Each structure stands twice: as C-alpha cells, then as structure tokens.
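Visitor: Dropping the structure in here first, questions after.
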Amino acid sequence: MISSKVAPGEEEEQQEAPAEVAPAEEELRETEGQLEAVPPDEASPSWATGPPLERLPPVGQEAPPPRRCHTDCLEAPLSSCFLRLGALVGANPWLFLLGPVLLTASLGTGLIFLPKEKENLEEQYTPIGSPAKAERRFVQSHFSTNDSYRFSASRTSSETNFASILVVSHRDSLLEPEAFAEVSRLDRAVQALKVVQENGTQILYPEVCAKYSVGCVPPNPLLFSWQQNSSLNLSELTFPIHSVADHLIHLAGFFGGNVLGYATTGNRQRLVESRAMRLLYYLKTEDPEDRERSQAWLTHFLDHFNDMKSDLALEDIEVVYFTSLSRQLEFEATSKTVIPLFHLAYILIILFAVVSCSRLDCIRNKMWVAVFGVFSVAMSVVSGFGLMLHIGVPFVIIVANSPFLILGVGVDDMFIMISAWQKTSLTESVSERLSNSYSKVAVSITITTITNVLAFYTGITSSFRSVQYFCIYTGTTLLFCYFYSITCFGAIMALDGKREVVWSRWLEKPDQKYSSFKKFCCVPFGSFPDEHGDDNHPMNLFFRDYFGPFLTTSKAKFIVVLIYIFYIISSIYGCFQVQEGLDLRNLASDDSYITPYFNVEEDYFSDYGPRVMVIVTETVNYWDKDVRQKLDKCMTQFEQNEYVDKNLTEFWLEAYMQYMNNTGNNPNDKNTFMNNIAGFLNFFPVFTYDINVSSSNEITSSRGFIQTIDVSSSSNKKRMLLKLRGIAENCEVPLMVYNQAFIYFDQYAAIIENTVRNVMIASTAMFIVSLLLIPHPVCSLWVTFAIASVIVGVTGFMAFWNVNLDSISMINLVICIGFSFDFSAHISYAFVSSNEPSVNKKSIEALYLLGYPVLQSAISTIIGVCVLAAAKAYIFRTFFKIMFLVMFFGAAHGLIFIPVFLTFF
C-alpha cells in the first residue's frame, strides 16, 4: 500500500547490478532502450521503496561484519528474486501481459455461477453453531404442531408464513367504533384477496390461513370479537388481558401506544387509549404444498396491497405492512442498488490515478500507464471472484463491498511501481530499469500484501459465514492484485519504457521544424527530462520543507498531544456506547416499505418482546412434590427477572394442579397423575402440544411460556437472553429456554467474542510479520501501539456515527489492523533507520520519504469506497463509514501522531 521511497542525497546507498544486467566496464551498447554509456562508478541514485537495503560491498572486498540488528534475512533474497523477475518481464513484456489476460478470461467464466437462488439470511448472518440452533432442533424433535387445526404462534419453532399490518390512528386513540370500522374494512379486503394461478385455479385466504379448530386464526382477537359483536364496549377494556363472554383475550402485543388507567381485577389495568393495532395473518407453513400456496398468496398481497389501500380511501388510520417474505425480497433488491456505483468508482479511481501519475513532460508522463493499471486491478477482481465461484465458495451480498475496497487498495502497488520506475535512469535499458524498479519495490508491496491478506484470512475463523466468505473473496483477490502487479502491470511499464526511448530519441534530433512544438508540448520548462531519474515530487518536498519542520516545533507537538488525548478519551467513551448486532431492518434499502413498518413497531410495540418457551428437557417425576417445588422455584425466578412480565406466564403444570384439586384427585400419586392428563387436555386443548408423553406413559419433555418485556434495544436483548439461559442452567430441574427470535439474538452475544478473537489473531499475525520483515524492537512496539490505538478509535467513533458492532463492521475492524500496520511500520522503521543526528530531523526525514505515499494510499482507498456513501442501503454505507474512519485515523497516526511521539523517546 505504501512506498518507502528514499530521496536522492540522503544516503548514498548504491547496489551493484548483477553481471548479467550491468556491464563491468564502460562501453557504448546498442541494446534496445540504451541511450548512452553509463560508467559503473556513476550509477543512478538508489530509490528504496521498502526499508533501506544494506549496502553491498564492492566486488573483491570482504563484507563488513553484520550489524546487531540484521534486517535483510528475508529482504535481500526477496529483492534478488524480484530483480531477476523484473529483468525477465522487461525482456518478454508481451508474454507477461497476455498471460494474465488469458488467465483472467479463463477464470472469469466462473462468473456464470453467480447465485441465482435466494440467499439464506439466517445461514449468513447468525453465528455458526449458536445455542439457539441446537435449542430449535430439540424443540422440533420433541414437540409437534398442527397449523391446519390447532395453530399457536408462540408454539412454533421457526418462522411461519405471515402478513403483518400495523394500524396507527390519526387521532389520540383508535378505541372508537369509527376507527374499528375502518380497520374492519381493511381486514375484510385483505381476507378477500385471491390469487389466480396460470392453470386458472384460485388461492383464497381461507384455504391457506393457519387454523384453530375450524376457522382461521383471527388477525386480532379484539377486532374479531368486535366484528362478532359490534356493541362491544371499547371504553371498558382491560390490559394486558381482557375477558369477553368468559373467554380471555390477550391484548399484549396486539395494541401499542397505550394509556393505562386504574387497576381492575387481578393485575389488569383499564385500557384508556391505544394509538396502534397489529393485524397478524398467519398462513400454513408445515406442509410443503401449503407453504408454496401460502407464499404465492403473500406475493400477491405484496403486489396489490398499496392499490388496495388506495381503493379503501382510509381516512382515520395509517397502515404499514410486512410479510415473512419481505426481508428476503428486500435484501435481494438491495444488491441491485449498488451495481451502478461500480462504474462511478472506477471512473473516480481512473481520474485519481491519471492526476497522480501525470507529468508535464511527455516522456515521464504515466497517464495511460495508470489507466491500464486500474484495468489490471479490475482483472484481479474478475480472476479472484471467478476462481472462488469455480470452486464453489458462496457469493453473498456483503461480498459486493469487496470490489470497491480492492479497487482502492490495488492501485497502491501501481503507484509504488510507477514511483520506482520514475527514479531509474533513461540511459539504462528497459530490462535494467524494470529490474531495478522491481528490486526496490519488492519488500514494500510484498509486506503490504502479506499483512492485508493475513488480516483478511484471519476472518475465516469468524463464526459468521458472511464474514468468512467476504474475507475469502477479498484475500484471494488481493493475491491476484499482487500477482498481476508484478506481471501484467510490469509488462505495461516495460512497453511504456520503450515508448520513452522512442520519444527521447525524437527529442534529441536537431529538427528545427518541430523545435517549438517540442518545447511547448514535451519539454515545457525548456530542459530535457533528467536522465538519471531525479524526480522530486512536489508533495515530497512539501513534507520535507514545510509540514515536517512545522510538526516538530514545540507548539505543534503540544497541540498534537492534546488532540491525541481528546481522541483517545472520546474513543474509549464511544466504545462503551456501541450497539451490538445487526438490525435486520438494515438489510433493506432506505426507501423500502419495511423501514416505516419497523419504525412504527419500535415506536408503539416495543414494550413486549418474544414469548419464550421454558422447556423441561428430560423425564422428571412431576408427581413428586419436591420436584414440583423445584420447578416452581425456577419459574418464580423467571417471573422475577426484570425482562419478564410475571402476569403473563402460562404453564400446563400449574393449570393441571388446579384441575387435580378441583376434581379431588391426588397429584402426588404417579398413576393418578398420569391417568388424568388425557381428561385434562380435553378441557384445556391449548396444552395438547406442550406435553410430550411417550409410549411407556412417561412425560419425556414439557414446556411453559413466559412473556418478555422491554427488550427493544440490542443490549437488552443480549442481557435478557443471557439471564434467562443462566436461570435455566442453574435450575435443579433440567430446563431450556427458546424462541425463534433467539436465532438472531445469539449474534448479540457472539459478536464481541468474535471481534476480539479475530482482532487478536490478526494482530499476532501482524506482529510476527513485522519481526520477520522489519525486525526492529522499536518498530514492533510502535506497530502494536498504532494498531491498538486505531482499533479503539474506529470502534469508538462508530457509535458517534450510528454504526453498530455487527458482522459487517467486524470485517472492517480486521481490515483496520492491516492498514494500521502499513501506515505505522514504514514510518517508524524509516525513523529508527535514519542517520540524522536529532530526533526532529529523523522525524522530518521519515515524513519526507513516506508522507506522500501514506497520504496517497489513504486517498486512493477512500476514493474507492466513497461512492458507497451514496448507497441506499445500510450495509454498503456502513462499509464506507468504517473504511473512512480506518483511513483517516490510520493516516493521522502515520503522518501526525507517530512522527511526534517518536521524538519523545
């Protein structure tokens, strides 16, 4: 990502060219690209683009003894290999250009395997092997359901087909006959929807609705009662349970925005006002044929709901809607919104590359080389993605972020190689120039590739499949970027080098006819390009002559320290404010119809959470009084929990004890206890699917239900889940808690653990790499400091930018480690390697050598992902936000904090 460029005149480091490349004596050569003789003692200045190389001893002299901190154990062999590779590419440019092109064309055929089927959200965005998935398997294997006869939403183990409508009154309350009349019209219109299939058959709501007894499950129990008896007094309702003709109606979860009055019987309160109502249309799901017909009805519902709402001309109420299909459909539609941004991203990167690589003279100008360099990066994306699809790695929507990142990161190697080329002498052959350029950039582009690829591949250890697949795709594509940079792009540079030779010879011709044109177009400053490669970029001079001296003044250091203190305090505070977990509404685009639905649900229906099963997982002696007392004790602990409403507990055993007492039977006798269960279920059929009796007349498992409250935030969901599981685990009776929502709630408990583990693994990998390639203790310390500081900063400022800690942001935190390493390792190494006498001058020299490459790397990456800021989906905007924070804080550490802090030690 960053070039560690050494300016001319700072250290007269020279490296003897190999015998096969550089001649041993001065002679005029006719080699292609050779302009004039180059005496061996007038070699061009060395431009190191990695950590400075050890000076090689003159031929025939004994090498000096090694220094204590010998740093070229890997660097020297790597540079030697690249030197030979550069000579080979320079001698055969067309081979190394066409080879990657053909490889890209071959691997690109894998794009035909881009998935056409639906992406499983649960599989991709919930933790692998989460406890809730094991709990679900237990429920499915021990408890049956029947959505064609006795459906109960709280007893289902997985999400069923449904359509949900939230009705919000324009008045203070909808508990008025006029409002109920409008809602009733809406309800009848929904139930009247019918699907006409291609074969002419119709799918009617009564055919696909989930049933209890012989009728469809009412979408709202109070509305159903009012429809049966319009004289029902809506001003005398009790909450959360209301009695209608000796029948209990649960209003909790069906009415929101409530104003409660005085207490009535028991623990009920008078329902004075209610602003919102929920209508839930449950459909059959268990039978595959029924499921298909239900989904066809839901699709028809989605296609025609807005037209139906317009036809009804509802005046007193506003409605929003959502179905069990909505999240999946909207998630798939989200990916289409980002496709146009690819074109904009490539245009911006090409413009940036052209501006960065343009020169005023036509010989050194690398405008078209930069353009082809961007296409080389695009080839790596096609190759990497094609290879992954060929071997069957699933492509998930989050991977669509990857090309934007690769585009920004991939061009960094291009800038480094062009910079090294510009430092070579025009008097050398193309092969020699490319060979020298390769040897200079070997360590720089290799170390940045290794660190970034390692950072991504550590993400494979994540518990989220979406993170695994993103990291596999991106890490592999970065390897292709590296491979194409040293082959395809090197060949492009070699071909452009031949162009330089042709133009140079043309400029040298004493042709008076074109002299004015030459001066105006090709040599605007009236002098020929420097043949020895002295190419001081204005930005390098800015860091050396202005920024560096200013930053090392006492006042500037004091201000920098204050800024850092403010930065780290703010970041630590923000770390404690970060929300955990992926809000499922964020999987859809901003203009999706599900967004207002979730907003209304959060505003009016957040008081009551999921209804949780409390499952006795093993055979216990329910007729034993001690066992019942232990079980009652555990149920009391559940009810006393801050996230549980004790008034809405439902447990068959409690009802059975009352039944046994009313019938005068002894509940402490096994035979009496077991023989009366059948009669009990006849009176209370609702408990039929809560007791699992084996053929040997043993209760192998049973369940009750508790109602959760106040779990609207992700932190409360996490605490509720952990506390309920803790109570179940500590109970003397084997218990388990489960609700289908726990499948997604588990991410809240897993995300921090996964993030910490991935960050630790990646940081350890970076530390090992730093010791191997730049083994200086001071460098390792500053690399560790920078990584920790940037991670804390990015995590903290995520909270200020309304970004959750989820599987998407976890990816970026892993990326953060690679960039922090790049920005800090080179700066600190340049500082400790400097021969300047004072720490201030060492810092200035480090900025002179690396300030512009750090800035260029940050800008190119930000440009690559900045178009995602215009995306209409959270998952893409989040990627931009965090990458911007990573680049901004990483560059700030490399350009400001570390150069200042190094002067204090």
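Heads up, the Cβ atoms here are built off N, Cα and C, so glycines get one too.
According to Swiss-Prot, the protein has these features:
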- 338-495: domain 'SSD' (DOMAIN)
- Asn146: N-linked glycosylation site (CARBOHYD)
- Asn199: N-linked glycosylation site (CARBOHYD)
- Asn229: N-linked glycosylation site (CARBOHYD)
- Asn233: N-linked glycosylation site (CARBOHYD)
- Asn647: N-linked glycosylation site (CARBOHYD)
- Asn661: N-linked glycosylation site (CARBOHYD)
- Asn692: N-linked glycosylation site (CARBOHYD)
- 1-67: region 'Disordered' (REGION)
- 94-114: transmembrane segment (TRANSMEM)
- 337-357: transmembrane segment (TRANSMEM)
- 369-389: transmembrane segment (TRANSMEM)
- 391-411: transmembrane segment (TRANSMEM)
- 441-461: transmembrane segment (TRANSMEM)
- 475-495: transmembrane segment (TRANSMEM)
- 558-578: transmembrane segment (TRANSMEM)
- 759-779: transmembrane segment (TRANSMEM)
- 781-801: transmembrane segment (TRANSMEM)
- 813-833: transmembrane segment (TRANSMEM)
- 849-869: transmembrane segment (TRANSMEM)
- 882-902: transmembrane segment (TRANSMEM)
Visitor: Please report, as numbers and ranges, the same-chain residues at least 6 past the borders of the transmembrane segment (369-389) whose CB is under 8 Å from any CB of it.
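Guide: Hits for the transmembrane segment (369-389): 100-101, 103-104, 107-111, 113-114, 346, 349-350, 353-354, 356-357, 395, 399, 402-403, 406-407, 410-411, 414, 418, 472-473, 476-481, 483-485, 488-489, 492-493, 496.
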Visitor: To the nearest whole angstrom, what is the C-alpha distance linking Asn229 (N-linked glycosylation site) and Asn199 (N-linked glycosylation site)?
Guide: 40
Visitor: Mark yes when the transmembrane segment (391-411) and the transmembrane segment (475-495) have three or more Cβ pairs under 8 Å (sequence separation 6 or more) and no when they do not.
Guide: yes
Visitor: Quick check for the class: what is the C-alpha distance, in angstrom and rounded, between Asn661 (N-linked glycosylation site) and Asn647 (N-linked glycosylation site)?
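Guide: Approximately 22 Å lies between the Cα of Asn661 (N-linked glycosylation site) and that of Asn647 (N-linked glycosylation site).
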Visitor: How about the transmembrane segment (759-779) and the transmembrane segment (441-461): do they have 3 or more C-beta pairs under 8 A, pairs 6 or more apart in sequence?
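Guide: Yes, the transmembrane segment (759-779) and the transmembrane segment (441-461) are in contact.
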Visitor: So are the transmembrane segment (391-411) and the transmembrane segment (781-801) touching or not, going by 3+ C-beta pairs under 8 A with a sequence gap of 6 or more?
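Guide: Touching, no - the transmembrane segment (391-411) and the transmembrane segment (781-801) miss the threshold of 3 or more Cβ pairs under 8 Å.
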Visitor: Would you mind checking how many other C-beta atoms are within 10 angstroms of the C-beta on Asn647 (N-linked glycosylation site)?
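Guide: Taking all protein chains shown, Asn647 (N-linked glycosylation site) has 13 Cβ neighbours within 10 Å.
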Visitor: Looking only at residues six or more beyond either end of the transmembrane segment (558-578), which have a C-beta under 8 A from one in the stretch?
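Guide: Sequence-distant neighbours of the transmembrane segment (558-578): 551, 789, 792-793, 795-800, 804-805, 896-897, 900.
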Visitor: Please identify, from the glycosylation sites Asn146, Asn661, the residue with the sparsest Cβ neighbourhood, meaning fewest other Cβ atoms within 10 angstroms.
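Guide: So among Asn146, Asn661, the glycosylation sites given, the one with the fewest Cβ atoms within 10 Å is Asn661.
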Visitor: Does DSSP give Asn661 (N-linked glycosylation site) helix, strand or coil?
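Guide: In the DSSP reduction, Asn661 (N-linked glycosylation site) maps to helix.
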Visitor: Using C-alpha atoms, which one of the glycosylation sites Asn146, Asn233, Asn647, Asn692 comes nearest to Asn199 (N-linked glycosylation site)?
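Guide: Closest by Cα distance to Asn199 (N-linked glycosylation site) among the glycosylation sites Asn146, Asn233, Asn647, Asn692: Asn146.
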Visitor: If you compare CA-to-CA distances from Asn692 (N-linked glycosylation site) to each of the glycosylation sites Asn146, Asn233, Asn647, which comes out shortest?
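Guide: Spatially nearest to Asn692 (N-linked glycosylation site) by Cα position is Asn146.
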Visitor: Return the count of C-beta atoms lying within 10 angstroms of the C-beta of Asn692 (N-linked glycosylation site), excluding that atom itself.
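Guide: Counting Cβ neighbours of Asn692 (N-linked glycosylation site) within 10 Å gives 18.
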Visitor: At the level of the C-alpha atoms, what whole-angstrom distance separates Asn647 (N-linked glycosylation site) and Asn146 (N-linked glycosylation site)?
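Guide: Answer for this pair: 27 Å between alpha carbons.
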Visitor: Cα-Cα separation of Asn146 (N-linked glycosylation site) and Asn233 (N-linked glycosylation site), in Å?
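Guide: About 34 Å separate the Cα atoms of these two residues.
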Visitor: Hey, does DSSP put Asn146 (N-linked glycosylation site) in a helix, a strand, or just coil?
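Guide: Where Asn146 (N-linked glycosylation site) sits, the three-state DSSP reduction gives strand.
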Visitor: Considering only the recorded stretches 781-801, 813-833, 849-869, state which has the highest number of Cβ pairs under 8 Å to the transmembrane segment (441-461).
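Guide: The stretch with the most close Cβ contacts to the transmembrane segment (441-461) is 813-833.
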Visitor: In the same chain, which residue numbers or ranges, 6 or more beyond the ends of the transmembrane segment (94-114), come under 8 angstroms Cβ to Cβ?
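Guide: That would be 88, 376, 379, 382-383, 385-390, 395, 483-484, 487-488, 490-492, 495.
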